[in-house]
Amino acid sequence: MPFKCIFLTGGVVSSLGKGLTAASLALILERQRLNVAMLKLDPYLNVDPGTMNPFEHGEIYVTDDGVETDLDLGHYHRFSSAALSRHSSATSGQIYARVIKREREGDYLGSTVQVIPHITNEIIQVILDAAKEHSPDVLIVEIGGTIGDIESLPFLEAIRQFRYDHSEDCLNIHMTYVPYLQAADEVKSKPTQHSVQTLRGIGIIPDAILCRSEKPLTQEVKSKISLFCNVPNRAVFNVIDVKHTIYEMPLMLAQEKIANFIGEKLKLATVPENLDDWRVLVNQLSQDLPKVKIGVVGKYVQHRDAYKSIFEALTHAALRLGHAAEIIPIDAEDENLTMELSQCDACLVPGGFGVRGWEGKIAAAKFCREQGIPYFGICLGMQVLVVEYARNVLNLDQANSLEMDPNTPHPIVYVMEGQDPLVATGGTMRLGAYPCLLKPGSKAHKAYNESSLIQERHRHRYEVNPDYIQSLEDHGLRIVGTCPPQGLCEIIEVSDHPWMIGVQFHPEFVSKLISPHPLFIAFIEAALVYSKDASHV
């Protein structure tokens, strides 16, 4: 087999941080001069998470080639340089759909279609396709869910078969939770033992066990886990809860020397990893930096994972400017919304769907425009800006988006050509990376280091109605970014405002700790200028 494969499974509890672990391993292996690819296998029956409630699932992360994926792919991107595409994510829904489609087309020649071998063969093909697409030295495969869940069984059986055929080229890391009982002042390894026992019962013997814990495990506990789980003592690794930031994770894994174990086990030709630049950034994040307050106005603010990439992009940009982003979640339905915004240095309205909270976001944009507070509207946040401007500057009182009011006499935001939200919702939006031409002299042009052509990722169905663009521009709302050749409105700026910008795309999806997105840097710069203004109380 031309590549090596690391399978990452989880046990005891969910939300262990497998995605962060996979991303951290990718970073370390890349620093050992290996080419790494990533694959997330999710056991849910949705074809993709695109139609799932953010409260239930968290944010939807979009790849360059227009695939709606799990938020873990955002972690993969922010930590590593692994190329992510439609071959980096698969769900049970996708896999079952492919098998059923082939059965309907007669591809199985009358055979009884079963989980084994048809579903498991399809899962194996997904793994092979991911490797073929990216040609990695190492493919890291994260299996969603928890060992013992019924829905994960086909994936685990596929992994068992894959390992059987390629035993020398595969490694399984099983991640577990080792709880600490405060009353007894001790950690308990029994849940880990039971989880490994369940995994072994499926036919998978882990090569290493990665123990997540609140406190460091003693050598005695590690030895106990080694003995009862039948793995070498040196293959029991421990990561404790991070103290300050998730970006500590690669440093913790490097300290455990897990990459050395992987290299020996898979016979990889590597060099020692150099994480010095990463360590510098993590140390900065751990300092008591001056804060910049950013109000994020949305309807899912109680669930931070719903805006994960937004929050991380703000953190990246603030750190680049020597500050810590203090993110103030503001519910778009909060009656005291403007009072809360008055205490912030800037406001960001992220993407979203639906009428709930819409008028609150309009109120936030109006308040920021009138008070000179820096405003960054992303996707829906840009549409909020345009509708507010039309209502209160163009005096089109009933201006609205067709999404919010299908009967509005002034559809400032309308459905894109070829889009019909009533026909189908899953995977039908304008998705993925598209080019954008920037207008010289604009704030956006300056932020992008005066590049004339950029490319950003999209996820939307509605756009600014071109019938109103001339009137908007005549009243001071500049269209400074357009998508060729149709000229779709991509970036807008308010001329007489210090920094009020809306973008139809999602810049947060490409921000990294080591390379913050330029628009977020410009936004934080504007917030810092505003915070120093003597008139800001």
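Numbering starts at 1 and runs along the chain as displayed.
From the backbone N, Cα and C atoms, a Cβ is placed for every residue, glycine too.
Feature list (source: Swiss-Prot):
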BINDING   SER14, LYS188, SER189, LYS190, PRO191, THR192, GLN193, LYS224  UTP binding site
BINDING   SER15, LEU16, GLY17, LYS18, GLY19, LEU20, ASP72  ATP binding site
BINDING   GLY352, LEU380, GLY381, MET382, GLN383, GLU403, ARG461  L-glutamine binding site
ACT_SITE  CYS379  active site, nucleophile
ACT_SITE  HIS506  active site
ACT_SITE  GLU508  active site
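Locations of recorded Swiss-Prot features on the structure.
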| residue | record | DSSP (3 states) |
| --- | --- | --- |
| LEU16 | ATP binding site | coil |
| LYS188 | UTP binding site | coil |
| GLN193 | UTP binding site | helix |
| LEU380 | L-glutamine binding site | helix |
| HIS506 | active site | coil |
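Cα distances from MET382 (L-glutamine binding site) to the recorded positions LEU16, SER189, THR192, HIS506, GLU508 are smallest for HIS506.
The recorded positions shown are SER189, GLY381, HIS506; of these, the one with its CA atom nearest the CA of ASP72 (ATP binding site) is HIS506. Each of the recorded positions LEU16, CYS379, MET382 was assessed for Cβ neighbours inside 10 Å, and the highest tally belongs to MET382. Most Cβ neighbours within 10 Å, among the binding-site residues SER14, GLN383: GLN383 holds that distinction in the structure as shown. Neighbouring residues of the recorded L-glutamine site, listed in sequence order and excluding GLY352, LEU380, GLY381, MET382, GLN383, GLU403, ARG461, comprise GLY351, PHE353, CYS379, VAL384, SER401, VAL413, HIS460, TYR462 (Cβ within 8 Å of the Cβ centroid). Proximity to GLU403 (L-glutamine binding site), judged by a C-alpha distance within 10 Å, picks out none of the recorded positions GLY17, THR192, HIS506. Whole-number maximum of the Cα to Cα distances across the UTP-binding residues SER14, LYS188, SER189, LYS190, PRO191, THR192, GLN193, LYS224: 23 angstrom. Of all the recorded positions in the list LEU16, GLY19, LEU380, GLN383, HIS506, the shortest Cα-Cα distance to LYS224 (UTP binding site) is found for LEU16. Cβ neighbours of GLY17 (ATP binding site) (same chain, under 8 Å, six or more residues apart in sequence): MET175, ARG212, MET249. Cα of LEU380 (L-glutamine binding site) to Cα of GLY19 (ATP binding site): a span of 28 Å.
Its own atom aside, the Cβ of LYS224 (UTP binding site) has 17 Cβ atoms within 10 angstroms in the protein chains shown. Taking each of the binding-site residues THR192, GLN193 in turn and counting other Cβ atoms within 10 Å of its Cβ gives the largest count for THR192. In sequence order, GLY10, THR21, ALA22, HIS75, GLU142 are the same-chain residues whose CB sits within 8 A of the CB centroid of SER15, LEU16, GLY17, LYS18, GLY19, LEU20, ASP72, the residues recorded for ATP being left out. When the record's L-glutamine-binding residues GLY352, LEU380, GLY381, MET382, GLN383, GLU403, ARG461 are compared pairwise by CA position, the greatest distance found is 14 Å.
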